[in-house]
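Enquirer: Take a look at this one; I'll ask things after.
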């Protein structure tokens, strides 16, 4: 891999794009196979019936956390080289945006990563939802909604000295926590007799998130020009893809541009192998408005929170970012609001 990173035959941005496409394809395949989705896990949790969806998410989360923290322990990754930990971040954005995103992903019946994967199975509803998400996320980042996003962001800004949770514990604390969560997740998987291949796929999904930190950090060190160190996320890549597609900007086709197509391709392969490719469109039963409203909320919430349920909820938490954990908890709360309200409506119908 070092030979690839140090090669002069291709540009640094081309290397970054190849990395994004490859990691995206791996993540897309295993996430599709395991049905990895925070929204599905939240529904099980809020219905007090944790099962296979919860196990899948926990295994992926634990693998990402343990893997990323191992990189810190072995000095393959440092907080100083990560803009996610060395720049001020918004706790108000993480909390408010997280709740908004959690509500949106539950209304839309899937988080952004799940929409990309479902789109690869022929689900037109997911494709339209993803496009609306990208448009609203772009408007929240640089367009009409940017002033609102900036106002919420500035309500509570956290300095770098308070952002990295590893600073508040002994050396190796993060790795210890990650391994402990991993053991608990594996035990839970055995308890509910989760399929072995599904569990392994979830572990690979989490491992891909950690590996993305690792290989992008390596590329950044060998590159001739500054290269951002990112992991798997869907908010900023969606913004970059839409901006690059609609305007002539200076965005280079690097990791973020290639990531989502890679995820889509990996999910297509999984769908074909599992024979799950089937065209699905909006109809009277699907509820078009809830998908649109959910996509709008995810677009705004994802930008505010600093990422989606994967980018903020797993990738940022894997490097022990305070705002990452705040966003994750808030997304779970936001999802719970919808689950409980819809449950109350259902109970009322039954009582009537």
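All positions are counted from 1 along the displayed chain.
Cβ atoms here come from the backbone N, Cα and C positions, even for glycine.
Got these off TrEMBL a minute ago, pasting:
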type	residues	note
TRANSMEM	13-33	transmembrane segment
TRANSMEM	54-73	transmembrane segment
TRANSMEM	93-112	transmembrane segment
TRANSMEM	124-152	transmembrane segment
TRANSMEM	172-190	transmembrane segment
TRANSMEM	197-215	transmembrane segment
TRANSMEM	254-273	transmembrane segment
TRANSMEM	293-316	transmembrane segment
TRANSMEM	322-341	transmembrane segment
Enquirer: Verify whether three or more Cβ pairs under 8 angstroms connect the transmembrane segment (54-73) with the transmembrane segment (172-190), leaving out any pair fewer than 6 apart in sequence.
Expert: yes
Enquirer: Which residues of the chain, 6 or more past the ends of the transmembrane segment (293-316), have a CB below 8 A from one of its CBs?
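Expert: For the transmembrane segment (293-316), the sequence-distant neighbours (Cβ-Cβ under 8 Å, at least 6 residues beyond its ends) are 37-39, 60-61, 64, 84, 89-90, 93-94, 96-109, 111-113, 128-130, 132-141, 145, 148-149, 152-153, 206, 209, 212-213, 231-236, 239, 323-325, 327-328, 330-331, 334.
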Enquirer: Can you see whether the transmembrane segment (93-112) and the transmembrane segment (254-273) are touching - at least 3 CB pairs under 8 angstroms, only pairs 6 or more apart in sequence?
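Expert: Since fewer than 3 Cβ pairs under 8 Å link them, the transmembrane segment (93-112) and the transmembrane segment (254-273) do not come into contact.
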Enquirer: Can you work out which residues elsewhere in the same chain, 6+ from the ends of the transmembrane segment (54-73), have a Cβ less than 8 Å from its Cβ atoms?
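Expert: Sequence-remote neighbours of the transmembrane segment (54-73) are 34-38, 40-41, 44-45, 79, 166, 171-172, 174-175, 177-179, 181-182, 184-186, 188-189, 192, 194, 198-199, 202-207, 209-211, 213-214, 217, 314-315, 317-320.
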Enquirer: Counting only residues 6+ away from its ends, which parts of the chain sit with a Cβ under 8 Å from the transmembrane segment (254-273)?
Expert: 13, 16-33, 113, 116-117, 119-122, 216, 227-228, 230, 232-234, 236-238, 240-241, 244
